[in-house]
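S.K.: First the structure, which I've put down as structure tokens, then a few questions once you've had a look.
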Amino acid sequence: MNDAIHVQGLNKTFSHKSALVDLALSIQPGEMVALIGASGSGKSTLLRHLAGLACCDRSNGGQVQVLGREVQSSGRLNSQVRRLRADIGYIFQQFNLVNRLSVLDNVLLGCLGRMPRWRGSLALFNREEKQRAMAALDRVGLADLATQRASTLSGGQQQRVAIARALTQRAEVILADEPIASLDPESARRVMEILADINRSDGKTVVVTLHQVDYAVRYCPRAVALKGGRIHFDGLAQDLSKQFLNDLYGADADASLMITERSRRVRQKPRLELAKV
């Protein structure tokens, strides 16, 4: 079986400062993986390289493959990277919605990677695409807000719209960059439950960067910890120890980063019953 994600010897430097150092990582199809680490550890930088939104160093830059296809190698993006991105759903921390558009129109933007540019530029979505977008909104519990402007939604609702957009895109790999960083606990729980359900029910590969270790343990079987652009842990999330986390986060290893005993004892199963799109 081919890896869903394969990274080999990835290096990235910003102004002579190493952000990623000879990084190697393989993720199997259908895995749900948490990337953890302090701010500046390289989590978001790695995610952007997986999606072809950033380019590695030209000298000894390394290689990134997604779904068996090369995204970039030695500082050069694949010339067909736009087509590759159709299979990679990217969920941003700040939602990346168009505030003036309706919720439904934002979700329909997920169709753009699989339709002719002329039709996309004219926003000519067919009936099947609109039905798919509505089904995605129904799955995340927002179908009744389809005609509402995106700017009127709460942060948690906007993040669910972003997830619905990835579902409409029919992405095989979903990359979520700090999707719950700015959300209240209840909204964060719901977003993580939706992502976990997509992974479990649809078999999608999900990679999520998280600052909250307890969420990583609760929802992600596997955790990869980064520090200084290097991988310092790759294994079962439940095996993360408090001593390791203290070393990983240093002065930032406060109570909000520590694993709760409840999370350690049992990974909570998502409580939402979500229909497939």
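Heads up, the Cβ atoms here are built off N, Cα and C, so glycines get one too.
Pulled from Swiss-Prot, these are the listed features:
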type	residues	note
BINDING	Gly37, Ala38, Ser39, Gly40, Ser41, Gly42, Lys43, Ser44	ATP binding site
DOMAIN	5-253	domain 'ABC transporter'
S.K.: To see if you understand the setup: which same-chain residues, six or more apart in sequence, place their Cβ under 8 Å from that of Gly42 (ATP binding site)?
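M.R.: For Gly42 (ATP binding site), the qualifying residues are Lys12, Ala19, Leu20, Leu23, Leu226, Gly228, Gly229, Arg230.
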S.K.: Determine, for the ATP site, the additional residues of the same chain whose CB lies within 8 Å of the mean position of the CB atoms of Gly37, Ala38, Ser39, Gly40, Ser41, Gly42, Lys43, Ser44; present them in sequence order.
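M.R.: Here the nearby residues are Thr45, Thr209, Leu226, Lys227.
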S.K.: So which one is it: of the binding-site residues Ser39, Ser41, Ser44, which has the fewest other Cβ atoms within 10 Å?
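M.R.: Each of the binding-site residues Ser39, Ser41, Ser44 was scored; lowest Cβ tally within 10 Å is Ser39.
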S.K.: Measure the Cβ-based neighbour count of Lys43 (ATP binding site), defined as the other Cβ atoms within 10 Å of its Cβ.
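M.R.: For Lys43 (ATP binding site), the count of other Cβ atoms within 10 Å is 25.
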